[in-house]
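These notes concern the structure reproduced below.
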Amino acid sequence: MPESTHPATEPRVRREVVSFVRRSTRMRPQQLRAWERLRHAYVIEVPRRASSTSVATGHRLDLAGAFGRTAPLIVEIGSGTGESLVAMAAARADANVLAFEVYLPGIARTVSRLHEEQIGNVRLVQADAVAGLTQLLGPSSITELWTFFPDPWPKARHHKRRLVDTAFADLVATGLKSGGSWRLATDWADYADQIRAVLDPHPAFESAAGAPDGWAERLADRPLTRFEQRGLDAGRTVRDLHYRRAC
Ligand SMILES: C[S@@+](CC[C@H](N)C(=O)[O-])C[C@H]1O[C@@H](n2cnc3c(N)ncnc32)[C@H](O)[C@@H]1O
């Protein structure tokens with residue numbers, strides 16, 4: 001065989017398919033100062049495996065230590081700038097609310113909002129929620145999970161990047177307590193249909209929509225976020241979904 005003409009290279013590290021875009025972490029100086037001052041009160045640091053959104057294998061969160069108490073756990077995935085998180089956590093003072101978000105300036109904005117509103121029952125982890133659920137939380141530890149306006153990845157060739165698929169549903173099923181709720185919302189009709197196609201037949205979930213057509217009522221105190229408004233402005237219909245972990 002002829003010798004390869006290609007130069008010797010390091011073996012390539014295969015990049016996983018993730019549900020988010022790696023965006024700039026740049027913040028304005030004022031934002032950065034607030035972030036440095038406030039982050040320690042709200043953000044839980046975790047050991048990493050490789051990237052800044054990964055989590056070291058086998059690292060479990062000490063939730064009682066992080067929140068300073070034991071309480072039912074609500075998890076939000078993709079909290080963005082905290083528009084839903086801050087208002088909804090404020091209305092659930094008896095719960096510990098943990099958010100996974102990858103976008104650092106969004107986390108910084110959330111932390112500022114939490115400080116302004118003097119909300120003490122929220123902690124954030126900068127991590128891919130898939131790694132967060134896999135490593136950081138034990139089985140049957142979550143009472144309620146929120147996934148509001150997950151990145152839609154509208155192009156067909158990007159659908160594989162959508163967060164909610166069967167593998168992710170299996171992960172959520174492991175983390176949710178029996179009878180625990182998974183509430184979702186999206187303004188992308190085909191993503192809403194995809195979620196139905198995954199969760200309606202999933203053996204670990206039953207519909208808690210309460211309506212014969214399978215779509216849930218909007219959660220009364222879920223605020224109208226910038227993402228939702230953008231969808232409405234574009235003429236899209238917002239769908240709420242609600243499932244329960246079957247016993
Ligand atoms: C379209 S935004 C919606 C934000 C917020 N839920 C709202 O309704 O305003 C989706 C958010 O999910 C985050 N995200 C996407 N995939 C994620 C993942 N695997 N783990 C954590 N956050 C993720 C993105 O960084 C982004 O901030």
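Cβ coordinates are placed from backbone N, Cα and C, and glycine is handled just like the others.
Note that the structure is predicted; figures quoted are calculated from it, not measured.
The substrate site recorded in TrEMBL includes K155, T225, R226, F227, E228, and the single candidate from D128, D187, D200 that the record places there is D187.
Residues E76, D128, D151 are recorded by TrEMBL as S-adenosyl-L-methionine binders, and the candidate that the same record lists for that site, out of E45, E101, E116, is E101.
Geometry remark: T225 (substrate binding site) versus E101 (S-adenosyl-L-methionine binding site), CA distance 16 Å.
Ligand 1 lies under 6 Å from the Cβ of the following binding-site residues, listed in sequence order from D151, D187, T225, F227: D151, T225, F227. Residues K155, D187, T225, R226, F227, E228, recorded as contacting substrate, have a largest CA-CA distance of 23 Å.
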